[in-house]
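**Q** Found this in TrEMBL, in case it helps:
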- 6-23: transmembrane segment (TRANSMEM)
- 7-132: domain 'Threonine/Serine exporter ThrE' (DOMAIN)
- 30-46: transmembrane segment (TRANSMEM)
- 52-71: transmembrane segment (TRANSMEM)
- 78-96: transmembrane segment (TRANSMEM)
- 116-141: transmembrane segment (TRANSMEM)
Amino acid sequence: MPLYVHFIASFIASFCFCFLFNVPKKNTYLSALCGSISWGILIFLQEHGVNYIFAVLIGALAVGILSETFAVLQKAPVTCFIVIGIIPLVPGFKVYKTMLYFVTDRLDKGIAEGVQALFIAIAISIGLTISASGHTLYKILRRKLKRTKK
């Protein structure tokens, strides 16, 4: 499937989640854009042979950077953009398969799927943490540079 189809489909899905999570109307398009960019990055990196978990990390990092930027531009909470942005990255199907394998007594497959889902969740949290820390560091350094110029 072409990348632009993934981009459009994830934009529509993220846009629908905006209404589910009651994102303010002025932030819906940018929130959906965060989700579509994160999925687009994931698919692009996957097509170029990058490990899935690392691709999720890069997608989450992009969501964090975009969310911080959009929050400043829109004067809105950053969570409006982060929550919608990570929706395409969340390993929901892997968690479902984990529970299915546990219920059907296929513990080895269940543990394998559960560990993969855990690593994906950790990659999302690391990506968001790095971007939030980077944004905070940027603000601190910018303030210090302004003080030294005076």
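Just so it is clear, glycine is given a Cβ too, placed from its N, Cα and C backbone atoms.
What you are looking at is a predicted structure, and each value in this text was computed from that prediction instead of being measured.
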**Q** Do any residues of this chain, six or more beyond the ends of the transmembrane segment (116-141), have a C-beta under 8 angstroms from a C-beta of it, and if so which?
**A** 52-54, 56-65, 67-68, 78, 82, 86, 89-91, 94-95, 98
**Q** Taking helix as H, G and I and strand as E and B in DSSP, count the residues of the domain 'Threonine/Serine exporter ThrE' (7-132) in helix, strand and coil.
**A** 109 helix, 0 strand, 17 coil
**Q** Along the domain 'Threonine/Serine exporter ThrE' (7-132), what average pLDDT does this model show?
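**A** Computed over the domain 'Threonine/Serine exporter ThrE' (7-132), the mean pLDDT is 94 on the 0 to 100 scale.
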